[in-house]
């Protein structure tokens, strides 16, 4: 790691973003995937609340800002290529804006093998 | 869901790709994140082995093809926006090409809050 805080080695995509997988720290449930730019990563680390960049609205959003369903950040891990984050959180209430606990309760691709 | 197999509703990005979070089905460890195009999703579902699109090499790769470290697919879940997949697998050997079990053992962003 080239810097003590790990920021310098992160590799953002052409749009300046990095995907962040959000996982409940104790049950290990994968809750959602959001996108962060460098500033959103900094805010997440500095505030202990996940902050994302909304690609559709082109603005920052703090998870739970309106719903109260915050994600308290426990740990932010970087993958081998430094182009993906795994954020361990303690989720307050449902993670999904639809009201389901995880965002991955909305369908399935049938595996036929 | 608009089709029995779930393909029709998937939303790919401008490059025709969708991120796939790969999770060990029983321990719930997040192993890696890879990218799939529509054909890679079809091959993954049809063969029961994860198939990705390599953005750097611009070619399909079957996880474990050279290393033997296959991922046997148990379930492919779609998120609320249909733009991310969560693939539950049974991982043979280490998931990371560096030899670590997960790709997320390569650094950490310090949370200062």
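Each Cβ is built from the backbone N, Cα and C atoms, and glycine gets one as well.
If you check TrEMBL, you get these features:
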type	residues	note
BINDING	B:79, B:81, B:83	Mg(2+) binding site
BINDING	B:80, B:96, B:103	Zn(2+) binding site
DOMAIN	B:32-105	domain 'Phosphoribosyl-AMP cyclohydrolase'
Completion exercise
Whole-number Å distance separating the Cα atoms of residue B:96 (Zn(2+) binding site) and residue B:83 (Mg(2+) binding site) is 24
Handout entry: Inter-residue C-alpha distance, residue B:81 (Mg(2+) binding site) and residue B:103 (Zn(2+) binding site) (nearest angstrom)
Key = 25
Problem - Nearest-integer angstrom distance between the alpha carbons (Cα) of residue B:83 (Mg(2+) binding site) and residue B:103 (Zn(2+) binding site) - result: 22
Exercise for the section: Taking the Cβ of residue B:103 (Zn(2+) binding site) as the reference point, list residues of the same chain whose Cβ is under 8 angstroms away and which are at least six residues distant in sequence. Expected result: B:31, B:32, B:33, B:95, B:96
Fill in the blank from the handout: Top of the binding-site residues B:79, B:83 by count of other CB atoms within 10 A is B:79
Completion exercise
Cβ neighbour count (10 Å, all chains) around residue B:81 (Mg(2+) binding site) is 15
Fill in the blank from the handout: Cβ density check for residue B:96 (Zn(2+) binding site), other Cβ within 10 Å (all protein chains) comes to 19
Handout entry: For residue B:80 (Zn(2+) binding site): intrachain residues, at least 6 apart, with Cβ closer than 8 Å
Key = none
Fill in the blank from the handout: In the three-state DSSP scheme, residue B:81 (Mg(2+) binding site) belongs to coil
